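Trainee: From Swiss-Prot, here are the annotated features:
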BINDING   7, 8, 9, 10, 11, 12, 13, 14, 33, 134  ATP binding site
DISULFID  109-208  disulfide bond
ACT_SITE  109  active site, nucleophile
SITE      135  site 'Interaction with tRNA'
ACT_SITE  208  active site, cysteine persulfide intermediate
SITE      348  site 'Interaction with tRNA'
């Protein structure tokens, strides 16, 4: 009997994943990861903890995970990757933010923690054959090319391949995604049917393993406020004050706090060296902020580089894919050209697809306006 370790988070997805694997005849064991501690990590503005009567969120989730595993009749272990998460995910995330980039900590977390440190620990300590998670994705072995492929899930709205774009062959070869052929609605129905208390638990949002926070207040724990001018680029007049240029992205409309004028303004330029945020109310300038070409550095090809350079491109998890093509400039530096202009930001990830297969992804280094 093959042994599978399931990363149990306390959420409905990982819980149902464990149940399905038991149903398929695997020897299943759950492992709960704690990767963030607001006290160790000196998080003072933690509204989420206050709302739970000072009970750490990890403890709250662990209690749920324990009840799930008791219900399913499987063993649950608990491990701690707080230091690894800080060193490999959170510090790089902060460094990118300070540079005015738009980093994606969820992608780093999957690469270095969930499918990195977690995989390594489980294989070294639990004598297992596979690791399973509650991600909405799929993996298959392509015999023709002798590689493992990462596939989109049945539930396209919940598909998480965007966040898995940095995985490699070794990680995929030992991974199982039990929810590949299920919708979120079906997952909740299964959980309810088998009597799991978390069947209607709210989906987790926010930064990976940190949870829901007021994002700006949260970052103020680690990045000093650096107020500066907000200037209307069309009139050169100062229209407000920002709390730190790194909190804003090109094209952003919400959160500018410009009084009655807020709704008509959007960010059009960031002068990082002089700490000035430029805004405009001229909608025609939005087109000038859009790009048809973007270059990715450190692009990760999950399997192989396809001969056909026409691809579907996702520039953020929540956005529909667009058509385009790619050109390899050197090593892992890849240039993408979009069929239509898109507003993008350096640091943001581009993820490429062909016929439902996630080919890989990488952070945007720069972009060329149309």
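Using N, Cα and C of the backbone, Cβ positions are placed for all residues, glycine too.
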Trainee: Restricting the comparison to the binding-site residues 7, 9, 11, 13, 33, which residue's C-alpha is spatially nearest the C-alpha of residue 135 (site 'Interaction with tRNA')?
Mentor: 13
Trainee: Comparing the recorded positions 9, 348, which residue's C-beta has the most other C-beta atoms within 10 angstroms in this structure?
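Mentor: Counting every other Cβ within 10 Å of each candidate, the maximum falls on 9.
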Trainee: In whole Å, note down how far the CA of residue 348 (site 'Interaction with tRNA') lies from the CA of residue 9 (ATP binding site).
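Mentor: Rounded to the nearest whole number, the Cα-Cα distance is 27 Å.
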Trainee: Residue 7 (ATP binding site) to residue 348 (site 'Interaction with tRNA'): how many Å between their Cα atoms?
Mentor: 27
Trainee: What count of other C-beta atoms do you get within 10 angstroms of the C-beta of residue 13 (ATP binding site), across all chains shown?
Mentor: 24
Trainee: Round to the nearest Å and give the CA-to-CA distance linking residue 13 (ATP binding site) with residue 109 (disulfide bond).
Mentor: 18
Trainee: Name the one residue among 11, 33, 348 whose Cα is closest in three-dimensional space to that of residue 109 (disulfide bond); these are the recorded positions.
Mentor: 33
Trainee: For the ATP site made of 7, 8, 9, 10, 11, 12, 13, 14, 33, 134, how many Å separate the two farthest Cα atoms?
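Mentor: Binding-site diameter by Cα atoms for ATP: 16 Å.
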